[in-house]
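In Swiss-Prot this protein carries:
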- Ser13, Trp181, Gly182, Asn183, Asp184: glutathione binding site (BINDING)
- Ser13: active site, nucleophile (ACT_SITE)
- Lys45, Asn55, Arg56: substrate binding site (BINDING)
Amino acid sequence: MTKTIDFYFDFISPFSYLAQVKLPDLARRTGCVIEYRPIDIPEAKIAAGNYGPSNREVVPKIKVMMADLERWAAKYEVPLTFPASFACSDWNCAALYARGQDQAEAFVTAAYHRIWGIGIDPRDQNELRGCAEDVGLDADALCEFVRSPAGQGEYRKARTQAYQRGVFGAPMMFVDDQIFWGNDRLDFLESYLLD
């Protein structure tokens, strides 16, 4: 029976970007499928009872995180450029549209490349439209979904279900009753899937 990796991510997360760099190949090697599940990290933290400051507000922590991000990007041989803003909600919602069109992997990969590889401004709707078009999605339909009450409702429902499941950050990968948090847990995930 094919196992499913529930991949909880937020385009605001550079560590989710790094996980997405490796996750599709990992899934193919292990015969799994990925279910892409966008969340909102600040909202997830609060839902889990974490009311502390964001990582960007803790100066010693952000210095270490920045160094780690550079190391991971070099290890994975991918570009890493901080985006012009962290307003990624529309992109998260758009991932649900892409999932409904069986284009989640392509869209998420292309979106992460734009946001964290190139460093675009996620607030720029032309970037969102361009990303949709690059992977063969109808940009008008995607943007309409993102703006619609139905699309926003689907995104809200997806987030609520994630938090009820215990999602408190990203990236998080769930398989069976196992949880793997962070791109640095991909080896553990692969070992579990191969056992």
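Yeah, the Cβs are placed from backbone N, Cα and C, and that goes for glycine too.
Distance between Cα atoms for Ser13 (glutathione binding site) and Lys45 (substrate binding site): 13 Å, as a whole number. In this structure, the CA atom of Lys45 (substrate binding site) is 14 Å away from the CA atom of Trp181 (glutathione binding site).
Of all residue pairs in the glutathione-binding list (Ser13, Trp181, Gly182, Asn183, Asp184), the one with the greatest Cα separation is 14 Å apart.
Neighbour count (other Cβ atoms within 10 Å of the Cβ, all protein chains): 16 for Gly182 (glutathione binding site). Under the DSSP three-state reduction, Asn183 (glutathione binding site) is assigned to helix. Counting only same-chain residues at least 6 apart in sequence, those with a Cβ under 8 Å from the Cβ of Trp181 (glutathione binding site) are Gly169, Pro171, Met172, Met173. Listed in chain order, the extra residues whose Cβ falls within 8 Å of the Cβ center of the glutathione site residues Ser13, Trp181, Gly182, Asn183, Asp184 are Phe15, Ser16, Leu18, Ala19, Ala170, Pro171, Met172, Arg185. Lys45 (substrate binding site) falls within a helix when secondary structure is assigned with DSSP.
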